[in-house]
Structures are given as C-alpha cells and as structure tokens.
Amino acid sequence: MDKFRVQGPTRLQGEVTISGAKNAALPILFSALLAEEPVEIQNVPKLKDIDTTMKLLSQLGAKVERNGSVWIDAGPVDVFCAPYDLVKTMRASIWALGPLVARFGQGQVSLPGGCAIGARPVDLHISGLEQLGAEIKLEEGYVKASVNGRLKGAHIVMDKVSVGATVTIMSAATLAEGTTIIENAAREPEIVDTANFLNALGAKIKGQGTDRITIEGVQRLGGGVYRVLPDRIETGTFLVAAAISGGKILCRNAQPDTLDAVLAKLRDAGADIETGEDWISLDMHGNRPKAVNVRTAPHPGFPTDMQAQFTLLNLVAEGTGVITETIFENRFMHIPELIRMGAHAEIESNTAICHGVKQLSGAQVMATDLRASASLVLAGCIAEGTTIVDRIYHIDRGYERIEDKLQALGANIQRVKGE
C-alpha cells in the first residue's frame, strides 16, 4: 500500500487549481444511463471512484471514453446488473439502480461498500423507488428493482435528509409518468448540479437547491454537453491548509457561493478572505488561527466533509474549540491519530473538545477514511519532523493529485510506493 512521507513544518502559499467535484461527477455519470444519446461531461476529476464508475457503465454496455472530457453513450446498454466485484469498493454504485429501472424497467445492484463511516443504509433509496412503483427484492446480496411499463410520479416525503436517496429518486423520476414531488430533499450544490445536468438533456426538474424538488416526467432524455461544478470540499481543504500554516493561497476554478459556511468559519478563525466569480483567496498574514466552534449540518449548514480539517485547525489554534458532528456517527477517527502527533482533545459521544497547541510533532499515522486522511496529511505539513501517513488509498478516492498540488504550495511531501 502506498504511503505519504511529509516533512515539516512548512508555510503553505501559492496557487492551486480546484478539480471538478467527485460528489457531483459520480451522480452525473450514473444519471447518464438515462440518456439515449451520447453525452460529454467536462471537468471530471481523475479519481479511483470515477474510474470504477466508468468501468461499471462499460460493463452495462455503455460506450465510455475519456480524453479530457468523459464521453458516455448509454444507447447500447443491454446489461442491467452492477456486479459485486466493482460495487464492493464504492457505495455510489447504488445510483445505477434508479436510472436502470426508470429506463429499462429492471436493474440490480450488489449491496455497496465505500468508507466505513457509521450507518449509511440504502433503505431510503429503496423506499423512494417503491413509492415510484418499482418492486424491490433483496436477494443474495443484490437489490433487485423492476416495474411493468413506466414508473409513476409520486409525492414523496423523505424520512430524513439524504443526498444519496434524493439523487436516486430525482433521477428515476425524470422518466416516470406524471409529476414527482420530493419533500425534505437534500439541498447540496451537488444535487443542484445533477439536476442541471439532467435538465440539459431534456428533463423537467424545478426547485433543486430547496427542500422541495418537483420533477415532471418526460418520455426520453437526449444527449448534451455539461461541465461539473468545482469541488467545494477540495477547495475548503486547501484553504484550511493555508490557514493552519499561517500561509496565503489563491484557489482558481472555485465556486465561492457553495462554501458560505466554511468561509464564515475561516473568517472567524482570523483569515483574510476575498472572492471573485471563480476564485477564492485567503491570507493569514503569518498568524496562528483562532479556535472556532463548528456544528455540522445538512447544506447550507457546515459540511460534515470539512469537519476533520476544522478539527485539525482547532488543534493548532489559539484557544479551545468545540466540534459537534451531527451527520455521521464514528467520524472522529482522525483524532486519536492527531493525538499521537501531540494534539490535545477529548471526545464525548458526537462532540470533540479541541485545545490548541503551538506545534505538532511528526509521527506514523494511519488514514481511516477520506476526509480524515486529508487532515493527517495537512497535519504532517505543519508538524515538526517527519510524518508517515499510511493507507492513503482513502485519499486517492477523493483528492486528485493531492501531493502535486501541495508540493506546488511548498509542502515537502512524497508518495512512497507500497509493496
């Protein structure tokens, strides 16, 4: 397994170009199964989960190519089963189910894998498809969906806010007969992006970005060209990297309006921030950040995917900050690793109390999930001495060339190839 070797401390400064958002690219790639004509998807990040998805779409019979953009022609799809060998590494595979049953009347997906963060069941996806008229069976580790004729529009009230299930219901409803209303829908920018992509192919979706999405079913979707929005979590991660090192950064190809909660907290921490249409700059003027209190919440609240990075910020800040995680259980796995580097923190159920220290020390640490592992790499950049981050395949699932981008900001980081 590959590792990162990071030598610190360094002050990170310079420019970084933000990649397309994985969490928008994945649902968009799966939603392309609904289209009868070729689509071109631009600004797709080069990541393991994206490669797996392209492989999966190919196995279903789609023609998939990558040359700059990703090109998908789902016209020839003639296989309706997403097999275990591809699904096991990636939870997002469940997103194949809605489009398959909506367009072809049948679909089956092996129960998914992915990051080990708490309970993330697929039951909300299943109940949503059932309300649209699909018959669902769970057999031999597969979720099997079928419908005679077309799915039927329905008024669906989500039990709890779920990005994944909102995508499933919204994509399936585009080809359903009649109108579907999703109440208590997720409002994330990646949902908006997926809806905008579907509309570009001829879908009729309104209300994306609010908690009430209305989808008027259409007979078919055609082709089109679409550009994936910038990755707000990657943007936030690099902004934190500069903030904790007293540095200065310019993020290009960013989308500031997707990061309001994060930018507000960085300003509270003492960062000088400016934004333009597609850029964000942050300058700490060499200062140490001030501790901030953070409570994660569904969008437009503070994103859970930025929690680990802000935990680290608090652990090296002036003062004491409290982090409350309301979205996922089991999401403080980075803290014991940071304590090995000299951090001071106590965890009480879903709350972490972080006491800032002036300096962390390099240590051997282990990545446990995608965002936690990013915080360990950033910790290595500012710690005294050498940090080895093990199991970095987690990082490769969500960050495109993170070591190259950090090196360009002055970090001393190398990938060490594993056996």
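Using the three backbone atoms N, Cα and C, a Cβ is placed for every residue, glycine included.
Per Swiss-Prot, these features apply:
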ACT_SITE  Cys115  active site, proton donor
BINDING   Lys22, Asn23  phosphoenolpyruvate binding site
BINDING   Arg91, Arg120, Pro121, Val122, Asp123, Leu124, Lys160, Val161, Ser162, Val163, Asp305, Ile327  UDP-N-acetyl-alpha-D-glucosamine binding site
MOD_RES   Cys115  2-(S-cysteinyl)pyruvic acid O-phosphothioketal
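Known features from Swiss-Prot, placed on the structure.
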{"residue": "Lys22", "record": "phosphoenolpyruvate binding site", "contacts (Cβ under 8 Å, 6+ apart)": "Pro45, Leu47, Asp49, Ile50, Asp231, Gly398"}
{"residue": "Asn23", "record": "phosphoenolpyruvate binding site", "contacts (Cβ under 8 Å, 6+ apart)": "Val163, Glu188, Glu190, Asp231, Ile233"}
{"residue": "Asp123", "record": "UDP-N-acetyl-alpha-D-glucosamine binding site", "contacts (Cβ under 8 Å, 6+ apart)": "none"}
{"residue": "Lys160", "record": "UDP-N-acetyl-alpha-D-glucosamine binding site", "contacts (Cβ under 8 Å, 6+ apart)": "Leu124, Asn184"}
{"residue": "Ser162", "record": "UDP-N-acetyl-alpha-D-glucosamine binding site", "contacts (Cβ under 8 Å, 6+ apart)": "Leu124, Ala186"}
{"residue": "Asp305", "record": "UDP-N-acetyl-alpha-D-glucosamine binding site", "contacts (Cβ under 8 Å, 6+ apart)": "Ile233, Leu370, Arg371"}
DSSP state at Lys22 (phosphoenolpyruvate binding site), helix/strand/coil: helix
All-chain count of other Cβ atoms within 10 Å of Arg91 (UDP-N-acetyl-alpha-D-glucosamine binding site): 19
